[in-house]
Amino acid sequence: MAKKYISQEDLKTHNTSGDLWISIQNKVYDVSEWSKHHPGGDLPLLTLAGQDVTDAFVAYHPTSAWLYLDRFFTGYHLTGNSVSQVSSDYRKLVAEFSKMGLFETRGHRMMYTLCFLTTLFVTSVSGVLCSDSTWLHLFSGVLMGFFWIQCGWVGHDSGHHQVMKNRTFVHFMQLIVGNCLSGISIAWWKREHNAHHIACNSLDFDPDIQSIPIFAVSNRLFNSLKSQFYDRMMNFNSIARFLVSYQHWTFYPVACFARVNLLAQSHLLLLSKKKKVVNRKQEVIGMLVFWIWYPLLISCLPNWKERVMFVVSSFAVTGIQQVQFALNHFSSSFYVGPPCANDWFRKQTEGTLNIKNSSWMDWFYGGLNFQVEHHLFPRLPRCHLRTISPFVVELCKTHKLPYNSVSFWMANALVIGNLRSVALQARDLSKPISILVWEAVNAHG
């Protein structure tokens with residue numbers, strides 16, 4: 001039987017939720033119906049719809065996933081699609097790491113981490129219930145914030161399926177450390193984080209850099225772009241202009257209470273009737289558990305002064321993690337529009353920044369000090385990120401692509417420098433907003 005072919009131009013027309021086609025190694029698949037059941041949600045598929053997504057597919061899926069593709073095959077093969085040398089080398093590297101067994105999970109490591117989390121939680125709660133010391137109560141609040149940071153790393157690893165093979169146990173663990181103990185919906189995290197990975201540093205597709213009206217990481221946001229993730233306009237009005245004008249001063253204070261936004265976004269998703277949430281009832285029950293034990297714990301403190309102190313200290317400490325997230329992306333390259341799947345490797349390296357540190361500090365960063373490696377190989381357990389780093393450096397060097405890695409302090413300086421640069425542009429009162437928009441539209445790079 002003769003093969004049927006489809007051009008790239010025709011493939012691009014199949015880019016809606018009801019008509020969603022993709023190509024993997026030049027075989028075209030109709031995933032319109034599957035997008036409703038896709039474990040990673042529908043957003044990654046919609047974002048890359050009508051393209052060859054081979055690089056993204058090999059990055060996010062184990063070899064077993066290839067066995068399920070035939071059920072979606074349309075019978076068409078893609079023509080005119082050339083594979084770049086960097087994509088070819090990247091796919092070879094993924095295959096090589098797979099042969100080395102690097103993608104295999106290591107459950108015993110997670111058990112050690114869970115024991116550590118239990119120790120932190122019990123110590124923090126005991127400090128509140130078993131002592132009358134104000135200083136110990138303050139320390140317990142700090143410890144609770146540190147506990148939430150570590151829960152965040154566990155939630156991150158498990159969300160990428162890096163921890164254990166038993167999916168049922170992984171899901172249960174996510175609900176416990178995320179919803180029940182941290183008050184953060186794992187469903188919200190997966191939806192937001194997958195969108196971030198697929199469209200790393202796209203100003204209108206990546207929710208991690210959409211902080212208008214508080215922050216603007218690029219002057220192109222002066223154009224009041226539409227957030228494809230939140231499905232709303234990011235209006236750069238007079239209020240946004242004022243707040244952005246001082247963002248290099250407010251960055252750290254806001255980070256201390258960014259957790260409030262995570263809680264709010266979690267609740268908004270679970271209460272939304274428009275968005276599909278897998279296991280919504282379980283997610284809601286988990287959130288209710290959090291809002292029972294945390295207020296009860298606070299009520300055990302002797303007075304309102306100490307209660308406020310405990311809440312503020314526990315929230316403020318989590319600001320460390322929010323700063324860590326920002327360091328990896330806020331000073332990197334940005335672009336407008338959907339990601340180009342054939343440009344996967346370059347976009348991931350250009351939009352990320354590594355943090356140099358000693359190996360004994362990897363736990364503190366949750367492994368995300370190797371942000372470039374993590375974005376290129378998101379399924380890889382964090383314990384292997386340092387191991388593969390030389391291979392990634394060599395591949396970037398071969399293809400003359402950026403591999404940005406700086407110290408923690410330099411990363412902070414770069415972020416503040418970028419925020420200050422954008423702030424000064426927003427602060428220039430000689431230019432009304434309409435002129436700033438014109439400059440943003442005509443900006444290059």
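Cβ coordinates come from backbone N, Cα and C, glycine included.
Quick caveat, the model's predicted, so the values are computed rather than measured.
If you check TrEMBL, you get these features:
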type     : residues : note
DOMAIN   : 3-78     : domain 'Cytochrome b5 heme-binding'
TRANSMEM : 110-129  : transmembrane segment
TRANSMEM : 135-156  : transmembrane segment
TRANSMEM : 168-189  : transmembrane segment
TRANSMEM : 251-272  : transmembrane segment
TRANSMEM : 284-304  : transmembrane segment
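Taking every recorded stretch in 110-129, 251-272, 284-304 and counting its Cβ pairs under 8 Å to the transmembrane segment (135-156), the highest total belongs to 110-129. Over the domain 'Cytochrome b5 heme-binding' (3-78), the average per-residue pLDDT in this prediction is 91. Across the domain 'Cytochrome b5 heme-binding' (3-78), DSSP classifies residues as 30 helix, 23 strand, 23 coil.
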